[in-house]
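Chemist: This structure is in structure tokens; I'll ask about it shortly.
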Amino acid sequence: MGNASNDSQSEDCETRQWLPPGESPAISSVMFSAGVLGNLIALALLARRWRGDVGCSAGRRSSLSLFHVLVTELVFTDLLGTCLISPVVLASYARNQTLVALAPESRACTYFAFAMTFFSLATMLMLFAMALERYLSIGHPYFYQRRVSRSGGLAVLPVIYAVSLLFCSLPLLDYGQYVQYCPGTWCFIRHGRTAYLQLYATLLLLLIVSVLACNFSVILNLIRMHRRSRRSRCGPSLGSGRGGPGARRRGERVSMAEETDHLILLAIMTITFAVCSLPFTIFAYMNETSSRKEKWDLQALRFLSINSIIDPWVFAILRPPVLRLMRSVLCCRISLRTQDATQTSCSTQSDASKQADL
């Protein structure tokens, strides 16, 4: 009886024509406004950096790195997804009709579900590309310098869009199916009837794990860079002029600071996506016979949508001064802990060299 009740409730949600009484567009309106505003602010900040980079001399033109190119593509993807998805929901609330009834042959429902799966996958692929770029930059610098270029980053976006388009078009080819969910303001992959939803969720999980693995590798390499720079302080400081060891050490410190800033930004975006994807992942792996609540399904979708709202605000808030503050807080204890050890090591080496001279 319980399974039959769940099946009938699911079928009612899939074919419902009118929204239930009391449904409010307030949350959807706030999410749409926050998403558009945040992405526009982030794009404006990135555009200013692009203009500043164009105005720089050739020797300083590396200030806009490949990482910032990928961030620009991520923000553009989030803005495009917000502008193409949210208006459909607002139109449904305005007409008090479900997505199935909003257009003939459930076209609005199919469009919404396809766009939702497409932009969610594209966002995760962009985060993976950013994490892979950091991994190659830190872990394999020679390969990175020879094979990876800033102009090559411009090709990442169309490649990601092509992959996402092919994967998300499978339900249109009868592998999987897009259906409407309660209260009728959103559509997604049919739950439990095919393996496509589990395949989609598994792909997102694999991408999240890959991003976390790349970030962990970057953290280990940054720790090694910190230890090397700490040991180099014990060496002679001769040739502090241009091109000397002093200049090299300053360049290493600047490079490490920039990499740490990029890692902080990428780590926060990755954690955000992982947290926002968790309810959807639980929703995807739940059994069809379990008692799923309408509100839980809707909250899972909203959590997945929130990621495209948070990402640009993270970039807009974490400006270089804020990143420097966070870096100083994160590194303060390590520096204080290692300062005494560094001085002790340096004095020990100095005493040993004096005894050798005697």
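Every residue gets a Cβ built from N, Cα and C, even glycine.
Feature annotation from Swiss-Prot assigns disulfide bond to C109-C187; the stated evidence is sequence analysis. Under the heading N-linked glycosylation site, Swiss-Prot lists N3, N6, N96, N287. Residues annotated as topological domain 'Extracellular' in Swiss-Prot, with sequence analysis given as evidence: 1-23, 92-111, 177-198, 287-299. The feature topological domain 'Cytoplasmic' is assigned by Swiss-Prot to 48-65, 133-151, 224-262, 324-358. The transmembrane segment annotation in Swiss-Prot covers 24-47, 66-91, 112-132, 152-176, 199-223, 263-286, 300-323.
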Chemist: Whole-number answer please: how many Å between the C-alpha atoms of N96 (N-linked glycosylation site) and C187 (disulfide bond)?
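Modeler: Cα-Cα, rounded: 16 Å.
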Chemist: Considering pairs 6 or more residues apart, do the transmembrane segment (152-176) and the transmembrane segment (66-91) have at least three CB pairs under 8 Å?
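Modeler: Yes, the transmembrane segment (152-176) and the transmembrane segment (66-91) are in contact.
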Chemist: When the pLDDT values for the topological domain 'Cytoplasmic' (224-262) are averaged, what is the result?
Modeler: 58
Chemist: In DSSP terms, helix, strand or coil for N96 (N-linked glycosylation site)?
Modeler: coil
Chemist: Run through the topological domain 'Cytoplasmic' (133-151) and tell me, per DSSP, how many residues are helix, strand and coil.
Modeler: 15 helix, 0 strand, 4 coil
Chemist: Under a three-state reduction of DSSP output, how is C109 (disulfide bond) classified: helix, strand, or coil?
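Modeler: The three-state answer is helix.
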Chemist: For C109 (disulfide bond), what residues in its own chain, 6 or more apart in sequence, show a Cβ-Cβ distance under 8 Å?
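Modeler: When sequence neighbours closer than 6 are ignored, C109 (disulfide bond) has T98, L99, V100, L102, A103, Y178, V179, Q180, C187 within Cβ distance under 8 Å.
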Chemist: Could you give the residue numbers and ranges of same-chain residues that sit at least 6 residues beyond the topological domain 'Cytoplasmic' (133-151) on either side and whose C-beta is under 8 angstroms from one of its C-beta atoms?
Modeler: 64-67, 69-70, 214-215, 217-218, 221-222, 225, 259, 262-263, 266
Chemist: If you draw a 10 Å sphere around the Cβ of N96 (N-linked glycosylation site), how many other Cβ atoms fall inside it, taking every protein chain shown into account?
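Modeler: Within a 10 Å radius of the Cβ of N96 (N-linked glycosylation site) lie 13 other Cβ atoms.
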Chemist: For the topological domain 'Extracellular' (177-198), DSSP counts of helix, strand and coil?
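Modeler: Residue counts for the topological domain 'Extracellular' (177-198) by secondary structure: 3 helix, 8 strand, 11 coil.
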